[in-house]
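Student: In case it helps, TrEMBL gives these features for our protein:
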type     : residues : note
TRANSMEM : 20-42    : transmembrane segment
DOMAIN   : 30-441   : domain 'Cation/H+ exchanger transmembrane'
TRANSMEM : 54-71    : transmembrane segment
TRANSMEM : 83-100   : transmembrane segment
TRANSMEM : 112-136  : transmembrane segment
TRANSMEM : 148-167  : transmembrane segment
TRANSMEM : 174-197  : transmembrane segment
TRANSMEM : 217-239  : transmembrane segment
TRANSMEM : 260-285  : transmembrane segment
TRANSMEM : 305-325  : transmembrane segment
TRANSMEM : 346-364  : transmembrane segment
TRANSMEM : 384-404  : transmembrane segment
TRANSMEM : 416-436  : transmembrane segment
REGION   : 452-478  : region 'Disordered'
COMPBIAS : 454-469  : compositional bias 'Low complexity'
Amino acid sequence: MGMEVAAARLGALYTTSDYASVVSINLFVALLCACIVLGHLLEENRWVNESITALIIGLCTGVVILLMTKGKSSHLFVFSEDLFFIYLLPPIIFNAGLWVKKKQFFRNFMTITLFGAVGTMISFFTISIAAIAIFSRMNIGTLDVGDFLAIGAIFSATDSVCTLQVLNQDETPFLYSLVFGEGVVNDATSIVLFNALQNFDLVHIDAAVVLKFLGNFFYLFLSSTFLGVFAGLLSAYIIKKLYIGRHSTDREVALMMLMAYLSYMLAELLDLSGILTVFFCGIVMSHYTWHNVTESSRVTTKHAFATLSFIAETFLFLYVGMDALDIEKWEFASDRPGKSIGISSILLGLVLIGRAAFVFPLSFLSNLTKKAPNEKITWRQQVVIWWAGLMRGAVSIALAYNKFTRSGHTQLHGNAIMITSTITVVLFSTMVFGMMTKPLIRLLLPASGHPVTSEPSSPKSLHSPLLTSMQGSDLESTTNIVRPSSLRMLLTKPTHTVHYYWRKFDDALMRPMFGGRGFVPFSPGSPTEQSHGGR
């Protein structure tokens, strides 16, 4: 009898929890719809973008839930790093890799790597050293050197998702490729740094430890990139050889999606950087695989990946907005509100200084290597690069939760203050810096205020001419009519650069084997060059 009662109670408990989760999911999906509608209505607004809209809706919902539960809870779900790193981040980064303008990206590759890897290291050391110097005197709680170094890694991670929405690939292609490319490499670098810090003995730091740390870092960097390239080439080879599209276009699209996701999960399994892997997998897939699928699959993949990425971004910002009001963490930190505000302000200041410490010196170094004046980064562009990368986002929050909480909860005062300070910095930087970025670009770079294309440009750049290869797009050369003669000369008669040799190698060896534009298998459904021009 007792067993039956216990079973009945257990069944009732499961039913209650299931019901609660169904209600949560309903509310969340309704809020996502509201974000999309409001984002559309505010499309032309010069201050607000979709990420800020989602954050504000998240905050408002958090307040409503707080009032309804009488101050017990503010969110529908408990923040989960797994949800973020396994489900939300891969589609965002993959879509960005798939549609980034490769020509711009690789032309600025050295500068992007310099900013993304070396710059993040400079920012990391600047923030860490300042945090050790300032916070160790403030009596925050039981924080050691490892925690302060982790703070350096957490606040070195820029928000590449918000950057995607603030900068436009058509209006400022050079800045977009530089800031966004740097953002992806920066996110990967910060996560690699953060994970490397967890595995090292930080009490006895000497030259051998530092060298081992740097060696580990470069190994992760190169092996992650290689894995992404390998996964992309493998998908291109399979789709080209088997030509799956003649039977089912759905299988082609599914295979592309699953191969990309497999590369990300494999990187995580091997303790590599999933972000870098899936980004380079996206680049390789857009150069080879995308051209091997049928015309209808191209349209499908283009919009399917962009839609998945868009929903994941909106979900993230909505969630961060809600989680910001988590009452438990604020209660632990609220006995000294002045200190909490002070720490958040100091961290914001360190973020500003840490970014300035590498943007301006590295831009100067980058300019020394470039002979043509139009390739140099102007002072105004440097200010925009500095400002656009100040936003901190979900990567910072996820890393802070990883370091300072256990399954979303914390009982330590110092840890609670660090979590609330991270949330404050993320909210403030995304909303205030994010709102001011568009007007700042208009002020500093007035010539770039008009889109190059005649089609409407969206934050995801769905309509921009992205059907490009490393050869330079036919669309690109027809839409951007006004160009310096030296650049037109470079496009028509390439000099003996790395780009030129890569094209020769690509046309002679890679494309015949892996496909790509001009090497697609013959079939009635397969598009020709002219069909792109007419669309």
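Just so you know, glycine gets a Cβ as well, placed from its N, Cα and C.
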Student: Please indicate, using numbers and ranges, the residues of the same chain that are 6 or more beyond the transmembrane segment (174-197) and have a C-beta under 8 Å from a C-beta there.
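Tutor: Contacts with the transmembrane segment (174-197): 93, 96-97, 100-101, 104-105, 107-109, 111-113, 115-117, 119-121, 124, 146, 149-150, 153-154, 156-160, 163-164, 167-168, 213, 216-217, 220-221, 224, 271, 273, 275-276, 279, 377, 381, 384-385, 388-389, 395, 399, 402-403, 441, 445, 448.
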Student: Please determine whether the transmembrane segment (54-71) and the transmembrane segment (260-285) are in contact (criterion: at least three Cβ-Cβ distances under 8 Å, sequence separation 6 or more).
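Tutor: Contact between the transmembrane segment (260-285) and the transmembrane segment (54-71): absent, because fewer than 3 Cβ pairs are under 8 Å.
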Student: May I ask you to check whether the transmembrane segment (416-436) and the transmembrane segment (83-100) make contact, with contact taken as at least three Cβ pairs under 8 Å and only pairs 6 or more apart in sequence counted?
Tutor: no
Student: For the transmembrane segment (305-325), I need the partner stretch with the highest count of C-beta pairs below 8 angstroms, choosing only from 20-42, 83-100, 112-136, 260-285, 346-364.
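Tutor: Between the stretches 20-42, 83-100, 112-136, 260-285, 346-364, 83-100 has the largest tally.
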Student: Using a Cβ distance cut-off of under 8 Å, indicate which of 20-42, 83-100, 112-136, 260-285 has the most pairs with the transmembrane segment (346-364).
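Tutor: Counting Cβ pairs under 8 Å, the winner is 112-136.
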Student: Sort out for me which stretch, of 20-42, 112-136, 260-285, has the most Cβ pairs below 8 angstroms to the transmembrane segment (83-100).
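Tutor: Out of the listed stretches, 260-285 contacts the transmembrane segment (83-100) most.
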Student: Please indicate, using numbers and ranges, the residues of the same chain that are 6 or more beyond the transmembrane segment (112-136) and have a C-beta under 8 Å from a C-beta there.
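Tutor: Counting only partners 6 or more residues beyond its ends, the transmembrane segment (112-136) has Cβ contacts under 8 Å with 105, 143, 145, 148-149, 151-153, 155-156, 177-178, 181-186, 188-190, 193, 221, 343, 346, 350-351, 353-355, 357-359, 362, 365-366, 385.
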